[in-house]
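**Q** Attaching a single structure in structure tokens format; questions to follow.
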């Protein structure tokens, strides 16, 4: 990233002055929100460039990974009758236009989710393009899908030179955020109902920055730059660096692009990653990014396993099995049909090449799942390959994502059911079974739960900002897809589906994007940092059974898993108070994190001096809607944290604070009562944390501000050392 005064020709000048033999090999130039370029250089040239005073940072172009609708009703049912009346009445009102930019794998424009019959003329603030490419013309855009771009980069093959989505990920995420209502949507009859986005009248602009191989960081930067220039209000990015490769905020293309988006008043919502349940795996964790964790909803897809002794057990799967109860097939353990010279652990896990087709053909195979490199998809293909009739996978670990096996009979069971099946095999002369087709189970309790795969905090780059920020549905979500059948997938009736069921924080992210779009359309005068705060302080830590949210191990969830909690879209429309994190807060964050005045000045394009005392501890004081203290000395003094709360509810109101803290952690709020008038819209308060009697490690809790109508929850995480 170079400093602000440079355009493309000066990019050439800068390179030529430092690298005499330089030839014009710039791949991308960024000129709108931030100044910079992507270029092919040797390591020596890159090193020379990074030493220049005009250059903020030089980093290798990383390849980022994709983070892969009852959900909206599930979120709204907490607040309203099953009729959906409040949601529908909202959408019958005249709402402000909101444009959502989705940076992903492109778009399938023919999907009914992008039908424009219920939206008006394209807003005048839109300045973007509908780029033509392979099988994509200007007529593919409409009043709903108002823009589409694609990028030429080192990953593009000629078949991808178009905004068209050949994978389905981008179409799925776009339709979750802002898809129009489509009745009778289903995945081959499963999950039947009306599919809709969080804000069905939002405009959508698709930026195809990703292909199957991943996403080039330089292209993501270009797409963010374009989206800002095009007039997008909210950018949704279900992509991230791998949690293993996080190095620095200014080496991360998404963090850099999002910083400049925040500078221009554009919101950026990102998935937190699918590297859970390990701690410190959350990515996209800069304070100017809205970071989303994934939860389950109150629905699951279950298959029934019928045994020869007439006992039946439930498994989890999306399987369109054609087997019936009338005919059963021999049931065997993988190890018992192993190929010659195969290690038993390979056959138990149904590893490639481990099963003997002469022994396995025509049977239902039971496999373990204790070898992480052999995915459920590989097991299914291995078992299918040896001409077996079906597969049952025993998984000791709770996995939240439901596996889709197509027409091949499949079921996944937990350890307890697995033991029963193995006992049946070992004690029966001719054990037999059948696996029936999946059915949908609704109104499951407790829901939501934190998805097992959802990446966890604390943030690896700083523990003084609480990450992830919030949680939203990301398990088995029905939305529009690219209607194509994958080569190894046997689809019912060999026909592609217009809708698909996918899991991942990739699916959770657009739920938050859609909710932000909805709130912005009702409150166009609110800033995005205010809307982010509204979502966070109204989020819920309770399930539909009125108990505390748990993770997939059934232990109480904490804010490093769920952030402030599960979004409640309709509650966010009336939060009472909001915490504005200003752009100055973000600049101070960079100061406190240790960046130099020169680096920051060149990023923000204005003279700016960091406070004389800039330490990482001060990051806790930026006006964020949650509070995180990465280190509180057990025998040290109390830590004072300041927050400023802005009233967006009734002008004359008084809020009283209530503290929920773990035993031993002293949390004092001063003043305990705050009052607002017509002329007094912002009030500051201090929170004092003391860990003298607290247990070591992270202590979680919240401060609740109540005025009799609103409940404003400020979640905290304090690490006592």
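Glycine too: its Cβ is placed from the backbone N, Cα and C atoms.
Got these off TrEMBL a minute ago, pasting:
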type     : residues : note
ACT_SITE : 104      : active site, charge relay system
ACT_SITE : 169      : active site, charge relay system
ACT_SITE : 506      : active site, charge relay system
DOMAIN   : 8-67     : domain 'Inhibitor I9'
DOMAIN   : 97-548   : domain 'Peptidase S8/S53'
DOMAIN   : 621-718  : domain 'Subtilisin-like protease fibronectin type-III'
**Q** Reported as an integer number of Å, what is the Cα distance between residue 169 (active site, charge relay system) and residue 506 (active site, charge relay system)?
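**A** Checking the Cα atoms of residue 169 (active site, charge relay system) and residue 506 (active site, charge relay system) gives a distance of 8 Å.
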**Q** Since the record lists 104, 169, 506 as active-site residues, which of them has the fewest other Cβ atoms within 10 Å of its Cβ?
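**A** With the active-site residues 104, 169, 506, fewest surrounding Cβ atoms within 10 Å: 169.
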**Q** Averaged over the domain 'Subtilisin-like protease fibronectin type-III' (621-718), what pLDDT does the predicted model reach?
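**A** Averaging the confidence scores along the domain 'Subtilisin-like protease fibronectin type-III' (621-718) gives 97.
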**Q** Could you give the Cα-Cα distance between residue 104 (active site, charge relay system) and residue 506 (active site, charge relay system), in whole Å?
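**A** Their Cα atoms are separated by 10 Å.
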